[in-house]
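Asker: The structure is given below, and queries will be raised subsequently.
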Amino acid sequence: MLGNRKKYIVNGNSGIKAQIQFADQKQEFNKRPTKIGRRSLSRSISQSSTDSYSSAASYTDSSDDETSPRDKQQKNSKGSSDFCVKNIKQAEFGRREIEIAEQEMPALMALRKRAQGEKPLAGAKIVGCTHITAQTAFPVFAWKGESEDDFWWCIDRCVNVEGWQPNMILDDGGDLTHWIYKKYPNMFKKIKGIVEESVTGVHRLYQLSKAGKLCVPAMNVNDSVTKQKFDNLYCCRESILDGLKRTTDMMFGGKQVVVCGYGEVGKGCCAALKAMGSIVYVTEIDPICALQACMDGFRLVKLNEVIRQVDIVITCTGNKNVVTREHLDRMKNSCIVCNMGHSNTEIDVASLRTPELTWERVRSQVDHVIWPDGKRIVLLAEGRLLNLSCSTVPTFVLSITATTQALALIELYNAPEGRYKQDVYLLPKKMDEYVASLHLPTFDAHLTELTDEQAKYLGLNKNGPFKPNYYRY
């Protein structure tokens, strides 16, 4: 985290807020739901007023403490109550976990050290929806088990602050950007830029740009090489197995699995499952990705062709209604259904909330959905992200993505006026290479350097960038 950042924020997973202390805010967000209402989503977020923008609400799991964090009076070690988390007493334990994680985050630690001297974000007031937590300096509004109402309340508490206004947005899914766009559009007059990490959020930004409604420059971190390859491919290659093991304790050998989508996430999932002895099928709409799947040894099918026989269905598309009620009705008994794509719209979970079907909570993040004839499917995380809800994300990957986001913030914040228009931009190639280079010492890796003659022959600068923007890694 960069020394002098002023404000950060919220997500159903986690978030951070300001270094500035505020007076206690008495604002009401809407009529609060009942305790029962908070523990279950009142409607699918894909059907809500935020339909076109939302990436996820939150997953509601059972807890020994039935009291909502919004009803608790808590203070941190500094005496501040400008936060809302489930249990502030866990902060010390969380700090120890962070200290362990820092050992696997070489680039972020290097960037932090650099920021202490240069202060590249001095004066920045960053409001963000991301996966970062801290007890001091950054008030947090987030907890596991938020309802949809809680989720938007947390975001509003970070945005609607008396005497403070953000000048940068760090988003992961587009929810924060949408909320400001919808509720506080005048804030964009002072916002210098948006950094967006997810495929869903980037898609919405391009929609706004095409419609001429994007008010500020935006940096597309999702399509940076470091994000695509390391977060989407290598991270998901590990977290898919972790999430399935934690929730189902299943063996993978011999299991028939269909992976919907063969982008970077799908490639990672398929590679991991194949290595464990699973029989893997792939569905794909893109002929190039489809051909890659075939060349990698996977059978390309339509979902309808294998839905009755597979043991596991995994969605990795970022699209909506990939697995419909018709598919769910045809699945075999005990079929496991989960989502690794960004949005919670890939599996039509809303269609399962009908009187004839029975929902049975097995354990945290695991539900049986039971048909009248006794058939049941195993639904993980109610169709939300398996890797964020049911497993851990490798810290080394977080270092890569967080460093990329931080550099994007620095670039947009310090860019001279006129460099970036009201459009969506890719991260400069030089920054991608810099992020990668900061992680190489972990492996005791030594880069070969071009000679002057070689650099001239290739028409390159000896220090990079080494590939054109159109290069596909």
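Backbone N, Cα and C atoms are what each Cβ position is placed from, and that goes for glycine too.
Taken from TrEMBL, the feature substrate binding site covers Thr133, Asp172, Glu197, Lys227, Asp231. Residues or ranges marked as NAD(+) binding site by TrEMBL: Gly263, Glu264, Val265, Gly266, Lys267, Gly268, Glu284, Asn387. Sequence annotations record features per position, and here TrEMBL assigns compositional bias 'Basic residues' to 32-41. Annotation comment: TrEMBL describes 42-61 as compositional bias 'Low complexity'. As annotated by TrEMBL, domain 'S-adenosyl-L-homocysteine hydrolase NAD binding' applies to 232-393. Residues or ranges marked as region 'Disordered' in TrEMBL: 25-81.
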Asker: Please list residues from the chain of Lys267 (NAD(+) binding site) whose Cβ is under 8 angstroms from its Cβ, counting only those at least six apart in sequence.
Answerer: Leu233, Gln292, Asp296
Asker: Is any of the binding-site residues Asp172, Glu197, Lys227 within 10 Å of Val265 (NAD(+) binding site) (Cα-Cα), and if so, which, in sequence order?
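Answerer: Checking each Cα against Val265 (NAD(+) binding site), there are no hits.
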Asker: Sorry to bug you, but what's the C-alpha spacing from Asp231 (substrate binding site) to Gly266 (NAD(+) binding site), rounded to the closest Å?
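Answerer: Given the Cα positions, Gly266 (NAD(+) binding site) is 12 Å from Asp231 (substrate binding site).
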Asker: Output, ordered by sequence, the same-chain residues six or more apart from Gly263 (NAD(+) binding site) with a CB under 8 Å from its CB, or 'none'.
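Answerer: When sequence neighbours closer than 6 are ignored, Gly263 (NAD(+) binding site) has Asn232, Cys289, Cys316, Thr317, Gly318 within Cβ distance under 8 Å.
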Asker: Taking the Cα atoms as reference points, how far is Glu197 (substrate binding site) from Glu264 (NAD(+) binding site) in Å?
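Answerer: Checking the Cα atoms of Glu197 (substrate binding site) and Glu264 (NAD(+) binding site) gives a distance of 15 Å.
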Asker: Does Lys227 (substrate binding site) have same-chain partners at least 6 apart in sequence with Cβ under 8 Å from its own Cβ, and which are they?
Answerer: Glu197, Val221, Ile400, Thr401, Thr404
Asker: Give the distance between the Cα atoms of Asp172 (substrate binding site) and Asn387 (NAD(+) binding site), rounded to the nearest whole Å.
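Answerer: Here the two Cα atoms lie 15 Å apart.
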Asker: Measuring CB to CB from Gly268 (NAD(+) binding site), give everything in the same chain under 8 Å that is also at least six residues away in sequence.
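Answerer: Spatial neighbours, sequence-distant, of Gly268 (NAD(+) binding site): Asn232, Leu233, Tyr234, Cys235, Cys236, Arg237, Glu238, Ile240.
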Asker: Rounded to a whole number, how many Å is the Cα of Asp231 (substrate binding site) away from the Cα of Asn387 (NAD(+) binding site)?
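Answerer: Each residue's Cα considered, Asp231 (substrate binding site) and Asn387 (NAD(+) binding site) end up 11 Å apart.
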Asker: Listed NAD(+)-binding residues Gly263, Glu264, Val265, Gly266, Lys267, Gly268, Glu284, Asn387 - what's their greatest C-alpha to C-alpha distance in Å?
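Answerer: The two farthest binding residues have Cα atoms 21 Å apart.
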Asker: Does anything in the same chain, at least 6 positions from Glu264 (NAD(+) binding site), have a Cβ under 8 Å from its Cβ, and if so what?
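Answerer: Correct list: Gln228, Lys229, Asn232, Leu233, Cys236.
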